[in-house]
Amino acid sequence: MDFENALQNVLQNIGLYHWLYFLMAVSIQIFWNPHVTILAFIGDPPGFSCLDNKGAKVETCDKQCKKYIYGEEFTSIATEWDLVCDEKYKVNFAQEVLMFGFLVGVVVLGNGSDKLGRLRTTLMCLYVLIATQLFMLICKNFFQFALSRFVLGFCIGGGSLTTYVIISENILPHQRALAGTFSNITFALGNVALATMAYFIRDWRMLSLAIAITNIPYILMACIMPESPRWLSSKGRISEAEDVLYHFGKLSNPNFSRKSVSLTTGQEKKSAGGGIFDAFKTPELRRRTLSLMVAWFTCSFVYYGLTMNSSSQGSNRYVSFALSGLVEIPAHLLCTVTLNRVGRKRTLFFALLTGGLCCLFVDFTSPDATGIFSPLALSLAGKMGISMAFNAIYLFSLELLPTVIRNGAMGMCSMAARIGGIAAPMLSTFGDTITFMGFGMTGIISGLLMLSLPETLGKPLPETIEDVENSRGNKKGMESSLPLATF
């Protein structure tokens, strides 16, 4: 039998197989997300004053300043290496370096896992990530810190993508949306966990150590996970794939028969693939690809911008950052419902428009305003909108792009998202007014752009480029089930 039928036989009853893969989906974001957003707490200094060469206090950031005196509320890389005033840009640069590493990791390790294996690649990323985080405890200058951030981004980008592939390959199609929702929710919980740790651990090096330690349970879990049986099967290692499937089937059902997972070689169907530049080959496909790339850029640009800026909103940076993570949970749950009720396109349009408008309204609100029109409340509402959009864009993209170029085109969309993550800290250097205006305008423009794309709810997946070109006005189809996730 083919792999799909064998997997169906294993997953007839919910058992340990399900729980192990869902645990992997749930845990990875909680453990890895704090590495991405930690600069929200260790990048800014507490209050500081300035001394001139005569020992007298002068205006903060005065050119005559020779020494900075920092408050003792917490330590950060800013207090360690005087990353304030003219040197403040280096904090944003450290975040840009991580997102660039994320981009490189997705490209390099995404392809590397096809050769090395899903589990081996994930474990390699995890070990290097922990070692790098520990190295940050002893780094002596900003250059070493920035280099460490690049390696962290590389490992997180490649490792999180590979783990998601493991999960998606080994659960049934209708279960992938649920797995994606869990992944998105735990990504948000990772921010809550970071805010909690930062509140109790005020030294930036000890906070880095605490985050590194939280990865240890994931190492133990990953070590008991088998290699992806689908990957084993695709590499011709049929016997090993059968062993894994049989093992999980037996755990769920003591009477499980090995014949239920007997795989047949030579039945894999290979589609005639295309290069990534084929995504721009024809007018309709080119329009879809470019529109989706803009939306992916916007989702990452606004999401990471609001996340990193959340600690500066409100009177308590720890509470504000935790709330920024918590508001994502109802957003993802609502998105899961609306995608199948009102459609993919309208959900994405509404989410982007809401996120963009809320960001724009921040600029027209007094910093001292309270209630639902306070800057904090509006930025949290914007975060809910962009979180919904980030959830929906995966499914919408997968259903708009044809099978023959889907992986390559999705990779290009992911690259656009990483560029958005790199651009977000750059914009923050221009102040809150321009920052929120930039978030708002890109959100609104991207939302309106989504209206030009066709609805995919209840439509068959396009298999070829010709299917895309012939799809205009096609109202018939069937509902498809594809994964939802945030990478």
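Heads up, the Cβ atoms here are built off N, Cα and C, so glycines get one too.
Annotated domain 'Major facilitator superfamily (MFS) profile' per TrEMBL: 13-458, in sequence order. Within the model, the domain 'Major facilitator superfamily (MFS) profile' (13-458) carries an average pLDDT of 83.
Annotated transmembrane segment per TrEMBL: 20-42 (among others), in sequence order.
The transmembrane segment annotation in TrEMBL covers 93-112 (among others).
Per TrEMBL, the feature transmembrane segment maps to 124-143 (among others).
Taken from TrEMBL, the feature transmembrane segment applies to 149-167 (among others).
The transmembrane segment annotation in TrEMBL covers 179-201 (among others). Away from its own ends, the transmembrane segment (179-201) comes close to residues 21-22, 25-34, 37-38, 40-41, 164, 167-168, 171, 207, 210-211, 214, 307, 318-319, 321-322, 324-326, 328-329, 332-333, 336, 387, 390-391, 394, 483-486 of its chain (Cβ-Cβ under 8 Å, at least six residues beyond either end).
Among the features that TrEMBL reports, transmembrane segment is placed at 207-225 (among others).
Here TrEMBL flags 289-306 (among others) as transmembrane segment.
As annotated by TrEMBL, transmembrane segment applies to 318-340 (among others). Cβ atoms under 8 Å from those of the transmembrane segment (318-340) belong to residues 40-41, 177, 181, 184-185, 187-192, 194-196, 198-199, 306-307, 310-312, 346-347, 350-351, 376, 379-381, 383-385, 387-388, 391-392, 395, 457, 484 of the same chain, restricted to positions at least 6 beyond its ends.
Using a Cβ-Cβ cut-off under 8 Å and counting only residues 6 or more beyond its ends in the same chain, the transmembrane segment (347-366) has close neighbours at 295, 298-299, 302, 306, 335, 338-339, 373-375, 378-379, 381-389, 392-393, 396, 432-433, 436-437, 439-448, 450-451. Residues annotated as transmembrane segment in TrEMBL: 347-366 (among others).
Long-range contacts of the transmembrane segment (372-396) within the same chain, counting only residues at least 6 positions beyond its ends with a Cβ under 8 Å from a Cβ of the stretch, are 177, 180-181, 184, 188, 292, 295-296, 298-300, 302-303, 306-307, 309-310, 313-314, 320, 323-324, 327-328, 330-332, 334-336, 338-339, 344-345, 347-348, 350-359, 361-362, 365, 413, 436, 439-440, 443, 450, 453, 456, 482-486. Residues or ranges marked as transmembrane segment by TrEMBL: 372-396 (among others).
The largest share of C-beta pairs under 8 angstroms with the transmembrane segment (207-225) comes from 124-143, of the ranges 93-112, 124-143, 289-306. Note on the transmembrane segment (93-112): residues 35-36, 39, 43, 77, 121, 125, 142, 145-146, 149-159, 161-162, 304, 308, 411, 414-415, 418-419, 421-422, 424-426, 487 of its chain, located 6 or more positions outside it, place their CB under 8 angstroms from a CB of the stretch.
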